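Asks: Take a look at this one; I'll ask things after.
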Amino acid sequence: MLGQRRAPWGRGHGRGRAGERRAGREASQVFNIVLHAPEIPANTGNIGRTCVLTGSRLHLVEPLGFSLDSRMLRRAGLGYWQNLDVTRYAGWDEFLRQNGLAGGSGTAPGEGDGTTPEGALRLHLLTKKARRTYAESTYRDGDFLVFGSESTGIPEEVLAAHPASCERIPMLPDATSLANRDAWAAHEASLGDAAASAGASASPLTRQDICGNFVNVDDWRISALNLSNAVAVVLYEALRQTGFAGMGDGA
């Protein structure tokens with residue numbers, strides 16, 4: 001079983017000054033960064049460094065697009081890897097089980113993949129397909145901030161199982177999006193439930209995506225931030241909401 005398997009450089013709470021900083025934050029809040037099928041080792045390396053410096057835990061959900069011994073991954077993490085709290089999982093279901101987010105026998109599931117109601121509240125799924133922004137969410141100690149692969153994002157079946165947990169980072173749309181923005185605004189109010197009943201035969205402008213938004217899948221494209229930047233943006237909002245506990249003295 002791959003659950004709870006640590007990379008050679010993952011040493012739990014770590015050692016030295018960074019490890020002490022990490023242990024000191026355990027009494028306050030700890031956030032969990034989850035990367036679902038990350039592809040670029042340098043991004044994961046940067047994210048690992050951010051996790052160490054914020055006292056966050058890193059969760060890697062397979063398949064991974066690189067070896068955990070990758071030189072690029074270690075180089076991006078500089079000297080922080082020996083202090084990184086990281087766990088690797090064979091897949092999404094194993095991640096849910098190992099972290100107590102999935103219901104056991106006799107437990108009513110909260111979402112389509114068997115996640116408990118409390119577990120579903122702990123998930124924040126970052127996707128450009130969401131209507132709610134990350135800044136509109138409330139973050140609590142122990143929450144899981146989930147990010148998908150660089151090329152495809154979080155799998156649609158995961159998003160579909162947790163529509164209320166989907167969040168996005170606001171970004172300027174591409175030029176193609178700007179071209180049909182007026183049409184979007186004019187039609188959105190009158191669409192109602194027509195898109196849902198029309199199904200796949202509806203025109204692109206009247207289709208609903210898996211998060212319930214009306215989108216033109218051909219023209220309403222949004223550029224994406226670099227994965228490590230996206231993680232930092234959302235993580236620091238979560239830390240801001242919880243008062244940067246244990247981080248304000250500069251020690």
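Cβ atoms are placed via backbone N, Cα and C, with glycine included.
What you see is a predicted model, and the numbers here were worked out from it, not measured in a lab.
Pasting the feature list from TrEMBL:
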BINDING   LEU126, GLY148, ILE169  S-adenosyl-L-methionine binding site
COMPBIAS  1-10  compositional bias 'Low complexity'
DOMAIN    31-178  domain 'tRNA/rRNA methyltransferase SpoU type'
REGION    1-24  region 'Disordered'
Asks: Which whole number is the mean pLDDT over the domain 'tRNA/rRNA methyltransferase SpoU type' (31-178)?
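Replies: In the predicted model, the domain 'tRNA/rRNA methyltransferase SpoU type' (31-178) has a mean pLDDT of 88.
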Asks: Of the residues named as S-adenosyl-L-methionine binders, LEU126, GLY148, ILE169, how far apart in Å are the Cα atoms of the most distant pair?
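Replies: With LEU126, GLY148, ILE169 as the binding residues for S-adenosyl-L-methionine, the largest Cα distance is 13 Å.
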Asks: To test your reading of the S-adenosyl-L-methionine site: which residues beyond LEU126, GLY148, ILE169, same chain only, put their Cβ within 8 Å of the Cβ centroid of those residues?
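Replies: Result: LEU125, THR127, LYS128, VAL146, PHE147, GLY153, ILE154, GLU167, ARG168, ALA224, ALA230, VAL234.
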Asks: Cβ neighbours within 10 Å, counted over all protein chains: which one of the binding-site residues LEU126, ILE169 has the most?
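Replies: The largest 10 Å Cβ neighbour count belongs to LEU126.
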